[in-house]
Amino acid sequence: MQRRDFLKYSVALGVASALPLWSRAVFAAERPTLPIPDLLTTDARNRIQLTIGAGQSTFGEKTATTWGYNGNLLGPAVKLQRGKAVTVDIYNQLTEETTLHWHGLEVPGEVDGGPQGIIPPGGKRSVTLNVDQPAATCWFHPHQHGKTGRQVAMGLAGLVVIEDDEILKLMLPKQWGIDDVPVIVQDKKFSADGQIDYQLDVMTAAVGWFGDTLLTNGAIYPQHAAPRGWLRLRLLNGCNARSLNFATSDNRPLYVIASDGGLLPEPVKVNELPVLMGERFEVLVEVNDNKPFDLVTLPVSQMGMAIAPFDKPHPVMRIQPIAISASGALPDTLSSLPALPSLEGLTVRKLQLSMDPMLDMMGMQMLMEKYGDQAMVGMDHSQMMGHMGHGNMNHMNHGGKFDFHHANKINGQAFDMNKPMFAAAKGQYERWVISGVGDMMLHPFHIHGTQFRILSENGKPPAAHRAGWKDTVKVEGNVSEVLVKFNHDAPKERAYMAHCHLLEHEDTGMMLGFTV
């Protein structure tokens, strides 16, 4: 944090003493302070160090083993500048293999950090990132095949903040941790003794791993002292399987200024902001009075995700206004998007996402046996019963020898790291048609090595705030089309990935490799 920002925030926290007595009591005692990840910049040699290790974190009254980058849980926000090369030295102090994927970065397959980029226990990997893409909020996380869900659940995730000349000219809020605030939202399930309770089994392979505790930057319902004016929130849905739907507790609007790959042409005003797993959106919200309010996530129509306490609006964080003013603004225009090129004559690739019917049926049965009808709130019951072969449900063996590890597929094939499915042409636009027809599950589909444009999303034109640069598209029982282009090489040994970002689907086969 720069000295002037530190001094200003120190003053801001001091001003909390000027709040009304009741407000001070709420601020001081009721909620933990929102943890702010360190903003990690390069050293004099243009290098950054990330150390992956295990530690201890406290959630409520219990302490759990967690994993983190440069700490016990989560990680720093790595700051990158467009046009400036950075070398990242990654040290793995875990007792198992891992990888580090740069989600949203347009970098060659050699440094993308997919499942082939293994860092052994006690090992080191160095990658040089030549950043040449617009300012954006991206992130990094493990991509160890078959274990991505568990390693993310244990705590491994960090932000990437890309800056360029264009964004620095805008008067957006930019005081890190004060009026420019990272918000990493994840749900967790804990065992009776307080440890993270991760399971990859038939049920989670079908619907994903989810929990009943929501963490924001690793804390339960924290609060943030915000100066008056515009507050910028960099939202990341870091959940394994839970989609979120952000809103405010007092219905003040959110102004979306950026999606996965950077700024929108102009702010988009919304009252609700659905965010899929792995997606990022930057929003501005006006803090223009003395009234505290909550950022909340509203109930979603996703299998298993309306189980209490998520059957009603659930607090993500409290925003507590303080008596000083910030200087950031909400510009009328933000950036320019290139016009979509002609789609005539482009290579068309068709990807059919599918789940083994046995997995569907067994997973849903186990979900309903564990959680009851609440697990299906908001779902189409007639469609579900058809999917589950309801008449046969009582004759299932609850797992037996069923191989759920390869039960999710793309174009009829479970992921094979040694067999890329196709070769994309470098520097050429392609039209990818991604279908979830015949499958009722939510599949946020993520493509490595590119930022694309959504042509249609689940059979409809994309919403205004989803029409900019994206690396993830919603596929849910329908067809989505995206316009992609790859500007870097990805040879067979370091192929790019395209996969469902519901991590348990990815870990059980719904992923493909492709070369450029």
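Note: Cβ is positioned from N, Cα and C throughout, glycine not excepted.
Of the residues His224, His406, His448, Swiss-Prot puts just one in the Cu cation 3 site with His143, His499: His448. Swiss-Prot lists His103, His141 as binding Cu cation 2, and of His488, His501 the one it places in that same site is His501.
Of the listed candidates (His443, His446, His465), Swiss-Prot assigns His443 to the same Cu cation 4 site as Cys500, His505. Take the CB of His446 (Cu cation 1 binding site) and look out to 10 A: across all protein chains shown you find 24 other CB atoms. The 10 Å shell around the Cβ of His101 (Cu cation 1 binding site) contains 21 further Cβ atoms across the protein chains shown. Averaged over the domain 'Plastocyanin-like 2' (227-292), the predicted model reaches a pLDDT of 98. Other than the site residues His443, Cys500, His505, same-chain residues with C-beta atoms no more than 8 angstroms from the centre of those residues' C-beta atoms, the Cu cation 4 site, are Leu353, Asn408, Met441, Leu442, Pro444, Phe445, Val475, His499, His501, Leu502, Glu506, Met510. For His499 (Cu cation 3 binding site), the same-chain residues that are 6 or more apart in sequence and have a Cβ closer than 8 Å to its Cβ are Ile410, Phe415, Phe445, His446, His505, Glu506, Met510, Met511, Leu512. Listed in chain order, the residues near the Cu cation 3 site other than His143, His448, His499 are His101, His103, Asp112, Gly114, Pro115, His446, Tyr496, Met497, Ala498, Glu506, Met511, each with its Cβ within 8 Å of the site Cβ centroid.
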